[in-house]
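**Student:** Below you will find the structure I want to go over with you.
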Amino acid sequence: VSCEDCPDHCSTQKARAKCDNDKCVCEPK
């Protein structure tokens with residue numbers, strides 16, 4: 001998942017979007 005799509009991707013998991021080296025990382029809220 002790209003950084004652009006990260007917020008939507010993570011919100012479905014009720015997680016916080018974070019970017020690491022241009023990769024999407026979801027952190028539990």
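Every residue, even glycine, has its Cβ placed from backbone N, Cα and C.
Predicted, not measured: the structure shown is a model, and the values here were computed from it.
Here's the feature list from Swiss-Prot:
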| type | residues | note |
| --- | --- | --- |
| DISULFID | Cys3-Cys19 | disulfide bond |
| DISULFID | Cys6-Cys24 | disulfide bond |
| DISULFID | Cys10-Cys26 | disulfide bond |
**Student:** Give the helix, strand or coil assignment DSSP yields for Cys6 (disulfide bond).
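**Tutor:** Helix, per DSSP.
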**Student:** If one looks at the chain holding Cys6 (disulfide bond), which residues at least 6 apart in sequence have a CB under 8 angstroms from its CB?
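**Tutor:** In sequence order, the residues whose Cβ lies under 8 Å from that of Cys6 (disulfide bond) (at least 6 apart) are Ala17, Lys18, Cys19, Cys24, Val25, Cys26.
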**Student:** Give me the long-range Cβ neighbours of Cys3 (disulfide bond): same chain, 6+ apart, Cβ under 8 Å, in sequence order.
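**Tutor:** Sequence-distant Cβ neighbours: Cys19, Asp22, Lys23, Cys24.
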**Student:** For Cys10 (disulfide bond), which residues in the same chain are close in space, meaning a Cβ under 8 Å from its Cβ, but six or more apart along the sequence?
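**Tutor:** When sequence neighbours closer than 6 are ignored, Cys10 (disulfide bond) has Arg16, Ala17, Lys18, Cys24, Cys26, Glu27 within Cβ distance under 8 Å.
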**Student:** I'd like to know which of these disulfide-bonded residues, Cys19, Cys24, Cys26, is least surrounded, judged by other CB atoms within 10 A.
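**Tutor:** Output over disulfide-bonded residues Cys19, Cys24, Cys26: least Cβ neighbours within 10 Å is Cys19.
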